[in-house]
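Visitor: Below are the structure tokens for one structure; questions will follow.
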Amino acid sequence: MEAVRFSNKIQIHSSSFSNTHFGLINFRKTHLGFQPKIQKKWKSLNLSGGGDQRLKKEVFMEKKQRGGFTVKCTAEGIERGMLVGGRSEEREFMVAERFKVVALMACVMCLCNADRVVMSVAIVPLAAKHGWSSAFLGIVQSSFLWGYIFSSVIGGALVDKYGGKKVIAWGAALWSLATLLTPWAANHSTVSLLAIRAFFGLAEGVALPSMNTLLSRWFPCHERATAIGISMGGFHLGNVVGLVLTPLFMTSIGISGPFILFASLGLLWLTTWVSRVTNDPQESNSITKAELRLIQAGKSDSPSSKKGELPPLRLLLSKMPTWAIIFANVTNNWGYFVLLSWMPVYFKTVFNVNLKQAAWFSAVPWGTMAISGYVAGAASDFLIKAGYSLTFVRKVMQSIGFIGPGVALLCLNFAKTPEVASVLITIALSFSAFSQAGFLLNMQDIAPQYAGFLHGISNSAGTLAAIISTIGTGFFVQWLGSFQAFLTLTACLYFVTAIFWNVYATGER
């Protein structure tokens, strides 16, 4: 956006103005010279620049009590405020409302994953205290998924009907409560622990469908992958936060320390979310007209589902692109939850590192995954803006997201030191983040009006796979005495699904 330079003499060409209403303009002298005092808003104003270039700007005037007024210029969603008259050195900068929404979404996704990870670290001292076997560890780790598998479909349908704001607000309130009650349940009985973890998963199952649907309403198509990348970056940073802070708080306060911390942060986030965010930008009182037009112009028209109307399950399942998304989610969750649930145990078992070191080795890969997820989103949006088809972009991103982790996991079988193992896991998770710009966005491409429901179906299938992989890892380790066989199986699954995706996936509705 070209800078508009003001000089002592301003030449305004009559051809540069269209549909402009001039109000009464009075001039008053100040210590800076003559400055205009404008009493009415100017509507559509075209300012002529140099040569043949012209920038269309909307200028809004707001009078200030101290005698000045604010000029806010908007171009392509970038808003700036400049104080003219009064104190010229002051500046007012406005942040686009959609960026506030994605920032809050990234925060809750961070807490969502941090609450999960607490148990992955706390289970090591709990297992030592209660004498749990490796097989039973897998059952405890998977109990979160027992509730998660049901709430994905139900939560997705609720998001389509009521919007993401309310659904994720209720989810955050309930999973924070479950997090707070987890230490009590663990001390009471294993049955209570399994029940509260299942309830915790039930509440968290609505997070991803809510995120996907809400951001699709708040961001134009060419910014959506970046928005998802930012939110999922917060999600992956939750692993880092949980893995690093949990041992510190357990050492200083006890096992209940990190659970109390993250539950309190969840309730604090909830108070801000409820008062600041709306389901749709058209319902927001804070958004500017220019930003609203930018969002609406960047969306393709799509029919919306009617309230009370059941999603067409038979129609969705009759299409091979739907199955491509389902299989992609299955494979992604299979590998993701193996690494999420077992990494601290892996480093302790294979390399005999202590709990704090295991947490650090496990945390580093998730931090890089947050960065690579943003890179994947930005790259995806860049390719779309450059004119590449959605189908091509989704296939490229998902291929990177599967082939990369598969190769890295095969190499992990030959790691001899925890440092090398951490590097390979970092590579696997960094490439895995490209799936966010693949199947995760593809739901909005092929069925935007039922994206929440489709997300729920695919996520439930993926959750079932995660339960099998989480429990299966424990039995494989107990049976064979190593992680190698299961890592090889996971790598092969990545390769097979990458082929299926490239054959059947599409970006067309």
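Keep in mind that glycine also has a Cβ here, set from the backbone N, Cα and C atoms.
Fair warning: this is a prediction, and the values are worked out from it, not measured in the lab.
Per TrEMBL, transmembrane segment is recorded for 101-128, 134-155, 167-186, 255-274, 323-343, 363-384, 396-415, 421-441, 453-477, 483-504. Summarising the annotation, TrEMBL assigns domain 'Major facilitator superfamily (MFS) profile' to 101-509.
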Visitor: The transmembrane segment (323-343) vs the transmembrane segment (167-186): three or more C-beta pairs under 8 Å (separation of 6 or more)?
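Guide: They do not touch: fewer than three Cβ pairs between the two stretches lie under 8 Å.
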Visitor: Ranking 101-128, 255-274, 363-384, 453-477 by Cβ pairs under 8 Å to the transmembrane segment (421-441), which is first?
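Guide: Ranking 101-128, 255-274, 363-384, 453-477 by Cβ pairs under 8 Å to the transmembrane segment (421-441) puts 363-384 first.
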Visitor: If we skip the immediate neighbours and take only residues 6+ beyond the ends of the transmembrane segment (101-128), which ones have a Cβ under 8 Å from one of its Cβ atoms?
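Guide: Same-chain contacts beyond the flanks: 137, 140-141, 144, 168, 172, 175-176, 179, 182, 186, 197, 200, 204, 207, 211, 214-215, 218-219, 227, 230-239, 241-243, 245-247, 250, 255, 258-259, 262-263, 265-266, 269, 272-273, 276-277, 340-341, 343-345, 348, 355, 358-359.
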Visitor: Taking every residue in the domain 'Major facilitator superfamily (MFS) profile' (101-509), what is their average pLDDT?
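Guide: Averaged over the domain 'Major facilitator superfamily (MFS) profile' (101-509), per-residue pLDDT gives 84.
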Visitor: Give residue numbers and ranges for long-range contacts of the transmembrane segment (483-504): same chain, 6 or more residues beyond its ends, CB-CB under 8 A.
Guide: 320-321, 323-324, 327-328, 330-331, 334-335, 338, 342, 346, 349-350, 395, 398-399, 402-403, 405-407, 409-410, 412-413, 438-439, 469, 472-473, 476-477
